[in-house]
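Q: Take this structure, written in structure tokens, and hold onto it; I'll ask about it next.
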Ligand code: ADP
Ligand code: CIR
């Protein structure tokens, strides 16, 4: 047996082991078992059916699944090399305004094109998504934590640009005094805010990011994570549900209810984010689904606190307690002086914190100045099924945009001020 075949079989065996051990913690849910949680009444309207066969299954990195494709499809599926990617970026249409296009100069390209990072990641792994998707906003992903050093001439420029900082001087974590927070419910009337969510991303410091990960790495990471999650207690105690073995109906329901991720983001797919899908991925949550952990979605880990209504204080406090508990549970997270916590996408590093509300703003969102209004408060509007989705029924996801160059409590306060301003403006119109 050749080595690669053995590795594949070992990885499959290891995956089974994790799955069966984690199932003891919480049997795969059926739709009927999914408890209620934040789910705006109009939120289901535009959800598309999950594809029977995902693109990542069709387009594995080993190219083994393209039998029967036409020549044109095979050409489309072919993995482009660095020069071809660069050419695509050079030939990008004038509407391409990605940070990749803006910051990857010929000089930087020439400087970086032959470099390799610690986990053997290359420039093509970092820029593939942005070259294949010239409508990207950012267009760059780090192939591993070391990419932030090896490919710094590109990544530093993108980070400065996205986070609007002139120096990469991220402060030490500061969550504020959670016993003395000067905010509570941002919408006590309950008329406008449907739900509130705060998340952070964390990366295991001994693994690369999706482009360089092997199936067995994801399985190992999942195993370590589940061990740490088992130690959570009190309100945070919950169960882990691997995607492998979870019914399609349960996945769909959990996704529509805003708890679970799926494999539908073409930007992330192009970056390798769905390689070996769904192996090594899963979700942990407590009984009330107010604390959740995503395993091997875009980042190795996403810690999420969420609930219906506008009580930012409760949501944030729960998250801070969870971060503290998980930091002392044996996991070790990738961090870098000046950059804070490292994530796959440079838009997320630093605090990695995104605090959002789903909020009804049918009037403000229709004004021509809506984007400028958001920019003024450093907030961002997304659709309600996540990034790159549309609003449904005038409900938007409003969150802090900056995650670097400010502390966690400052990022929360920035979001709070923005949401308060949004509410005041909507009421005026
Ligand atoms: P992130 O990058 O923070 O994970 P996404 O935009 O990809 O965010 O959204 C992930 C999921 O979280 C989606 O299902 C989205 O609807 C849900 N979500 C985000 N903010 C809220 C919120 N305030 N209330 C309920 N669900 C939310
Ligand atoms: C883009 O460049 O538009 C996508 N790669 C998404 C960038 C930011 N979002 C993210 O990391 N989820």
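Quick reminder: no glycine exception, Cβ is built from N, Cα and C everywhere.
In case it helps, TrEMBL gives these features for our protein:
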- 1-76: region 'Disordered' (REGION)
- 1-10: compositional bias 'Basic and acidic residues' (COMPBIAS)
- 43-62: compositional bias 'Basic and acidic residues' (COMPBIAS)
- 81-164: domain 'Phosphagen kinase N-terminal' (DOMAIN)
- 192-429: domain 'Phosphagen kinase C-terminal' (DOMAIN)
- 195-199, 258, 302, 354-358, 382-387: ATP binding site (BINDING)
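Provide an account of the burial state, proximal residues and distances for the features listed.
A: The domain 'Phosphagen kinase N-terminal' (81-164): residue composition by secondary structure is 47 helix, 2 strand, 35 coil, according to DSSP.
Looking just at the domain 'Phosphagen kinase C-terminal' (192-429), the mean pLDDT is 96.
Within the same chain, residues at least six positions away from residue 302 (ATP binding site) with a Cβ under 8 Å of its Cβ are 199, 200, 201, 202, 293, 294.
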Q: Provide the number of Cβ atoms within 10 Å of the Cβ of residue 385 (ATP binding site), excluding the reference atom itself.
A: 21
Q: Among 195, 198, 382, the binding-site residues in the record, which have a C-beta under 6 A from ligand 1?
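A: Within range of ligand 1: 195, 382.
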Q: Residues with Cβ closer than 8 Å to the Cβ of residue 356 (ATP binding site), same chain and 6+ apart in sequence?
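A: Once residues fewer than 6 apart are set aside, residue 356 (ATP binding site) is near 196, 197, 198, 382, 397, 398, 399, 415.
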Q: Filter the binding-site residues 198, 382, 385 down to those with CB closer than 6 A to an atom of ligand 2; keep them in sequence order.
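A: Result: none.
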